[in-house]
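Chemist: Sharing a structure below in structure tokens format, with a few things to ask.
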Amino acid sequence: MPFTLGQRWISDTESELGLGTVVAVDARTVTLLFPSTGENRLYARSDSPVTRVMFNPGDTITSHDGWQMQVEEVKEENGLLTYIGTRLDTEESGVALREVFLDSKLVFSKPQDRLFAGQIDRMDRFALRYRARKYSSEQFRMPYSGLRGQRTSLIPHQLNIAHDVGRRHAPRVLLADEVGLGKTIEAGMILHQQLLSGAAERVLIIVPETLQHQWLVEMLRRFNLRFALFDDERYAEAQHDAYNPFDTEQLVICSLDFARRSKQRLEHLCEAEWDLLVVDEAHHLVWSEDAPSREYQAIEQLAEHVPGVLLLTATPEQLGMESHFARLRLLDPNRFHDFAQFVEEQKNYRPVADAVAMLLAGNKLSNDELNMLGEMIGEQDIEPLLQAANSDSEDAQSARQELVSMLMDRHGTSRVLFRNTRNGVKGFPKRELHTIKLPLPTQYQTAIKVSGIMGARKSAEDRARDMLYPERIYQEFEGDNATWWNFDPRVEWLMGYLTSHRSQKVLVICAKAATALQLEQVLREREGIRAAVFHEGMSIIERDRAAAWFAEEDTGAQVLLCSEIGSEGRNFQFASHMVMFDLPFNPDLLEQRIGRLDRIGQAHDIQIHVPYLEKTAQSVLVRWYHEGLDAFEHTCPTGRTIYDSVYNDLINYLASPDQTEGFDDLIKNCREQHEALKAQLEQGRDRLLEIHSNGGEKAQALAESIEEQDDDTNLIAFAMNLFDIIGINQDDRGDNMIVLTPSDHMLVPDFPGLSEDGITITFDREVALAREDAQFITWEHPLIRNGLDLILSGDTGSSTISLLKNKALPVGTLLVELIYVVEAQAPKQLQLNRFLPPTPVRMLLDKNGNNLAAQVEFETFNRQLNAVNRHTGSKLVNAVQQDVHAILQLGEAQIEKSARALIDAARNEADEKLSAELSRLEALRAVNPNIRDDELTAIESNRQQIMESLDQAGWRLDALRLIVVTHQ
């Protein structure tokens, strides 16, 4: 290999060193200085892993002074090159630049430059890059993008709401599903879609203080969204880093109390430019026209500043009309400004609901009914649709569905309010109560008597709380180490129950973490029962491990012992047996406990076991919950209302459980209230709203489409290939789970999402739902998205060379495989990828420019090729460089036609869809005031910007592979 002092070469194995200069040559060795790093390398002359850097006419080069030049001519003299061309800064022509003065920091980014500079990738990396481009483009085009990656069951009504709301510009909606139907999941799905598509980047979630950790866990575990929890301490810390502490994080959770307590803090929240605000338990925001509460005013102030708002609340019937109006007023104060007018409007929706019911019943419609439908929809062109709906043809059902959609679009608050009920959603289990009455031990009787004497001055509420937990009273006098479990009959009963139901997974819930820990020790030491503990003192990772151990079928824990707070936000649908070791203080907490098992998708009826001690507050509460509210065996939407109305009486009975006079009357009174309120709620059900929120067949089809996508084997093959190339170790753990750990040879030192200890993953949704320690891998998981970014944002796999053993072709025949990318640049929030994601166009050219890509499929062709080592590859490239240049020019001439076709198709699709959506909403605006002006303005503005961006779309060469035919 001829070396001359001053020549520029690049290292094949250490390209990061930049351009090297030959500074010494002797008979056997050559020394290169790499000025950008100041390092020297000594190579053997005969077989050195370096490539001569030679630019060609048309290339742009940079001098060591920083100016650039377009090369027009290359001269060689005594082995040294001089480039002649035009300077780009001064436009001076005929400028000469000797190669010794080239910029040493040169990085070859174009695939052809990397190939000619000897920066040749492994063949499998080229294949991975092409697949990454192909799959990435396909995923952006999926109609349900953003709905597949969450660790949740595919529940149609949840998917329907998320699909509808998640695609809107700055959605402002009220989610008012009944308890247990998954409002939190719906909100998470909407957030996930908006964040993934770029429609939103900054999100604020405001919740009651007790639910902060539940939301934190739920967002992370189900949606891979890592929120920061802001409290007083975190807020104070962040003040050192930014003028507005909330600017330090993109995703924030804080409590309502934290938000409203300080005027400055609320101002900072309002100024933080959030894209989405989520408020949980919004029904607790007290409002009246004359005196709105401070909490309501705080949220109102925020809602004025934040474009998108999701309010999670109890059902409208539970709230009452005025309270319901107050929530809607937060979403759109211009639309909902007059309560009396709102009440009148609601009455007028009855005929619409009747019309929808009529269509869904499938009966033939009379002429009067057809005319009424025509008037309600108010459009001239629906006559054919009405006729089709009333015919016996195959199209009748779809015509009826379309008419139902039109009616719901035009009437009611269906664009801003979503509400599902258990009656309208299938898939809930039965709940069966088993009460176990147990004698009150003498030790407790004594402790209670002494406590009564010593605590005579305590309030009735404090005495009532004490009486719910007699073991705590006993420990107050005997010390924290007192062994109450040795004589408490509930412990004996629990051990007996567990030993006789060894094959059952049992969830045991008690109020205090200390109780859970003591029970675990007793079960382990006395009966060898495997019990996991779950309480608020544990970290999220520790809780995950406990939950995973409980979920293991054969070797896992039989029992999970949970404290009240520790179990918030966790669901254990694989178990159907629950033991309440004690009872919570109010009906909301009781429903929350049962809700750990009573979820959609629960396969078995739920067995609720309540061992209680007679003559204690537990015996009072168990009767009140069961006989007064029917709260164990059915959800109890009336519970809180009745609890508040009888609070004082109930507290007195709990504080003095031996005073039972009048208690039967209280229970009877509560039961009557419960039945009356229930009937009232049923009467007030908005059938029209339920039909819209539920989604019907459309929602079912959406769930089935995603389920089909879950079975896509392409993801598994691609992910394994990706992990191999990044350098991630994979260890099959069985049960459809894989453990990933970093290796010593990673493509990047710290791969986002992969901890030093490794992570457990699964591609199976069912496994992910049962095992909280296993991350659910989909195309939307950060691990895959980060992997795609790592490959596609750099030059991994962008240039390679392969051998094709084919005796039907002459030895030395050249083929060049080109991967172009057609793309447009636009702000992320425009979601341009819906129409034109970066799209690969593959060409396989021979030396005459014939494109063989259509005849030769990529994967089949890839399997026929053999790899070449980098050194041999560099020699081959140098030998055929001129031919490759010629083929590249033929490729450039051909790509324009293919790229233009893609861009035109994207323009037509964008124009058609966005114009249709705008026209639809403008037409609806005339009959349904729930369509906001800012939504129409945003769609029109987005349409214009998207069309402009598509007009500027272009293409570039992303990767190339040189193929040389051989017969050996």
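Heads up, the Cβ atoms here are built off N, Cα and C, so glycines get one too.
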Chemist: Out of 280-283, 460-463, 860-863, let me know the one Swiss-Prot marks motif 'DEAH box'.
Modeler: 280-283
Chemist: For the recorded ATP site formed by ASP177, GLU178, VAL179, GLY180, LEU181, GLY182, LYS183, THR184, name the remaining residues of the chain with Cβ within 8 Å of the site's Cβ center, in chain order.
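Modeler: So the extra residues in range turn out to be GLU186, ASN420.
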Chemist: Got a sec? Which of these binding-site residues, VAL179, LEU181, has the most Cβ atoms within 10 Å?
Modeler: LEU181
Chemist: Which site among GLY180, GLY182 has the most other CB atoms no more than 10 Å from its CB, taking these as binding-site residues?
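Modeler: Going through GLY180, GLY182 one by one, the largest Cβ count within 10 Å is at GLY182.
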Chemist: Count the residues of the motif 'DEAH box' (280-283) that DSSP assigns to helix (H, G, I), to strand (E, B) and to coil, and report the three numbers in that order.
Modeler: 2 helix, 0 strand, 2 coil
Chemist: Rank the binding-site residues ASP177, GLU178 by the number of other Cβ atoms within 10 Å of each Cβ, and give the residue at the low end.
Modeler: GLU178
Chemist: Give me the count of other Cβ atoms within 10 A of the Cβ belonging to LYS183 (ATP binding site).
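Modeler: Its Cβ shell of radius 10 Å holds 25 other Cβ atoms.
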Chemist: Can you count the other CB atoms that lie within 10 A of the CB of THR184 (ATP binding site)?
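Modeler: Step by step: centre on the Cβ of THR184 (ATP binding site), count other Cβ atoms within 10 Å, giving 20.
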